[in-house]
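A.B. asks: According to Swiss-Prot, the record shows the following:
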REGION    1-73  region 'Domain I, interacts with DnaA modulators'
REGION    110-326  region 'Domain III, AAA+ region'
BINDING   Gly154, Gly156, Lys157, Thr158  ATP binding site
REGION    327-448  region 'Domain IV, binds dsDNA'
Amino acid sequence: MNAQLKQLWTKTLNIIKGELTEVSFNTWIKSISPISMNENTIKLEVPNDFTRGILESRYKDLIINAIKLITSKKYNIEFSITSEEIFNNQQLKPKSSNDNIVVNDEMTSILNPKYTFDSFVIGNSNRFAHAASLAVAESPAKAYNPLFIYGGVGLGKTHLMHAIGHYILQNTPNAKVVYVSSEKFTNELINSIKDDKNEEFRNKYRNVDVLLIDDIQFIAGKERTQEEFFHTFNALYEADKQIILSSDRPPKEIPTLEDRLRSRFEWGLIADIQAPDFETRIAILKKKADVENLDIPNEVMVYIATKIKSNIRELEGALIRIVAYSSLTNREISVDLAAEALKDIISSEQNKQITIELIQDIVCNYFNLKIQELKSSRRTRNIAFPRQIAMYLSRKLTDMSLPKIGEEFGGRDHTTVIHAYEKISNILKKDESLRNVIDDLNKKITNN
């Protein structure tokens with residue numbers, strides 16, 4: 001940026017600042033960087049496509065008029081997206097099997113620069129998974145191999161996988177680190193078969209130091225993909241190369257996954273991530289506000305954390321939605337404004353808040369039992385069968401892991417939960433009276 005443009009932009013900001021609320025200015029204008037200027041046009045760089053759209057529709061004329069006040073000339077304004085954002089967007093586009101980013105002439109993955117260990121918020125719900133990921137990053141193929149991370153959508157699995165990749169590349173720049181989704185792995189395999197490039201495909205995934213595969217559950221039911229990944233896994237494992245996998249469920253719960261793969265996924269360490277607790281949700285919101293340079297009142301963060309409980313993605317999305325709503329309505333951020341901005345999300349979120357405790361209460365009332373009896377070690381049919389029904393419903397209606405469900409039923413093992421789920425599922429196939437009971441309980445739980 002030349003001195004003339006820098007001086008002009010500083011004066012322009014001073015004019016615009018007097019026309020907007022502080023929130024609108026900080027959200028939309030402050031992030032703009034002037035990059036070039038010629039006789040008729042000034043080019044401005046913005047952080048993302050969403051911001052560009054808002055600036056084009058709402059603030060472009062304001063910027064043009066502010067510059068005209070200073071220069072007495074009407075310049076054309078062009079917005080472009082920062083090179084980092086373009087790079088990130090390219091990561092999301094499908095690529096051919098030969099379309100790789102090369103660092104030091106070695107094949108590597110494309111990792112999101114925002115997903116590092118430093119930007120990961122640690123809480124009780126993810127502390128173990130974070131520690132395991134860091135251990136693997138510090139000592140690839142020596143600490144835990146494979147590392148299997150599982151948890152619900154938007155809880156930070158992908159963040160940890162990218163963080164592992166970043167850490168390894170920072171400390172060993174020449175390492176071959178490949179990150180890929182299981183869907184892309186499958187698509188590349190199909191293309192390699194179609195184009196008769198099987199050997200090229202195998203070389204790509206078997207000659208690496210670290211392989212990170214996201215959403216591995218999607219290879220279930222795909223026989224050829226499972227066959228290929230089985231041999232890829234073996235080749236890497238035998239060569240002492242690190243394998244990191246993520247899934248929305250533990251290996252035991254992935255349906256139609258071959259037993260030989262299931263057993264290999266369990267060779268190393270399995271770490272789960274749960275939904276963040278209240279304190280962690282507050283910490284996540286504060287971190288997001290700091291990163292985005294947002295001034296959010298503490299009581300608004302408490303409101304968001306109280307209402308949005310399911311995952312990190314929805315938490316951060318709620319924060320951005322409130323800021324955008326404040327800017328578009330020209331109002332200061334407050335709890336009342338937050339309630340307006342999030343009314344649709346909160347309604348949906350509240351509908352999803354089915355807990356194991358709620359299921360236990362309703363099942364106990366239905367069968368005239370006490371909670372202590374449901375959690376006890378007693379195995380009489382009048383207690384054991386309702387307990388199995390409650391476990392079945394907990395598995396169907398919540399995102400809790402099998403170990404967590406077992407823990408809520410008197411500290412039982414996850415295999416007990418599996419047995420209960422399978423038993424009730426089998427009876428439901430032939431027993432209409434039980435189907436009616438389950439339907440009735442379902443209605444009571446979801447309408448509660």
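The backbone N, Cα and C atoms fix where each Cβ goes, glycine too.
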A.B. asks: Other Cβ atoms within 10 Å is the metric here; tell me which of the binding-site residues Gly154, Gly156 scores highest.
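C.D. replies: It comes out as Gly156.
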A.B. asks: Would you identify the secondary structure of Thr158 (ATP binding site) according to DSSP, in three states?
C.D. replies: helix
A.B. asks: Which numbers of helix, strand and coil residues does DSSP report for the region 'Domain IV, binds dsDNA' (327-448)?
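C.D. replies: Across the region 'Domain IV, binds dsDNA' (327-448), the residues distribute as 91 helix, 0 strand, 31 coil.
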A.B. asks: Which one, from the binding-site residues Lys157, Thr158, has the smallest tally of other C-beta atoms lying within 10 Å of its C-beta?
C.D. replies: Thr158
A.B. asks: Per DSSP, what is the residue count of the region 'Domain I, interacts with DnaA modulators' (1-73) in each of helix, strand and coil?
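C.D. replies: Here the numbers are 46 helix, 11 strand, 16 coil.
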A.B. asks: Other than Gly154, Gly156, Lys157, Thr158, which residues of the chain come within 8 Å of the ATP site, judged by Cβ distance to the Cβ centroid of those residues?
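C.D. replies: Output for this site, in sequence order: Gly151, Val153, Leu155, His159, Leu160, Ser246, Ile273, Asn311, Ile312, Arg313.
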A.B. asks: Quick one: mean pLDDT on the region 'Domain III, AAA+ region' (110-326)?
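C.D. replies: Mean model confidence (pLDDT) across the region 'Domain III, AAA+ region' (110-326) is 89.
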